[in-house]
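Each remark here refers to the structure printed beneath this line.
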Amino acid sequence: MLLSQYLDIYLGVPLLHTLQCTFEGCYGRHMALSPPVRTVPARLAWFIQEVPALVIPLLLMVTSQKPSIIGIYMVLGTFSLHYFQRTVIYSLLIKGKPFPLSTMVAGAIFCILNGSLQGHYLLHCSPLDDEWSADYRCRTGLVVFYVGMAINIHSDYILRNLRKPGEEAYKIPTGGLFEYVSGANYLGEIIEWFGFALATWSLPALAFALFTLSFIGPRAYYHHRFYQEKFKDYPKIRKALIPFII
């Protein structure tokens, strides 16, 4: 399948309009709800929408009839590790506002499609062989992935601990890459998936990385603008997503 077809899957389907809503209004601080909108508690919403991307690849690995290839299981394991952290750990720790039901459902549908595509391609379509785990692209990609994951987890930790119990006012995040960008958590996740794309050397993974960039990259910009408008003393050196550049 051509790259353009994979990009159409991720970037061209009507699901994206539902999933994105407007970049500012889907969930969290930018969410604007009208009375008829149904919401789901944040922890439950994150769990439901993320769990398909954890379970589906694992089921595909368990039920696959093909001989095990260490390199493929290694990179697919990194995909599952991200979604284990997102599904189990992150959803238990999050303190965010309730999600619109439509956003949760759209997110779950996307995770079903993405988990199925990544798992199926790597297990049944990928040309990778037993020696792939020793290839410099696989090793470099995995290092990039885990660096991004560390940035993402550390940034989420900073955001969770900005306010003391009972506090509701927004505060300026500091520490880690937040010293340089407003969307440090988003930057970490983008780095993760480009590392995954390098480690798998596959078009579906590249399409997913580009989707991630196009979806949460603008959200980092809106966060940046929110901070600039709310805090007059917001650090001038801080960019939205890429240190010193954007």
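Yeah, the Cβs are placed from backbone N, Cα and C, and that goes for glycine too.
Quick caveat, the model's predicted, so the values are computed rather than measured.
Taken from TrEMBL as is:
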type	residues	note
TRANSMEM	44-63	transmembrane segment
TRANSMEM	70-93	transmembrane segment
DOMAIN	98-245	domain '3-oxo-5-alpha-steroid 4-dehydrogenase C-terminal'
TRANSMEM	99-117	transmembrane segment
TRANSMEM	138-155	transmembrane segment
TRANSMEM	193-216	transmembrane segment
_Take the C-beta pairs under 8 A between the transmembrane segment (193-216) and each of 44-63, 70-93, 99-117, 138-155. Which stretch has the highest count?_
138-155
*Most Cβ pairs under 8 Å with the transmembrane segment (138-155), selected from 44-63, 70-93, 99-117*: 70-93
_When secondary structure is assigned with DSSP, how many helix, strand and coil residues does the domain '3-oxo-5-alpha-steroid 4-dehydrogenase C-terminal' (98-245) contain?_
102 helix, 4 strand, 42 coil
*Grab the same-chain neighbours of the transmembrane segment (70-93) for me: Cβ-Cβ under 8 Å, and only residues 6 or more beyond its ends, written as numbers and ranges.*
43-44, 46-47, 50-51, 53-54, 57-58, 61, 111, 115, 118-119, 122-123, 126, 128-135, 138, 141-142, 145-146, 149, 153, 156, 160, 192, 196, 199-200
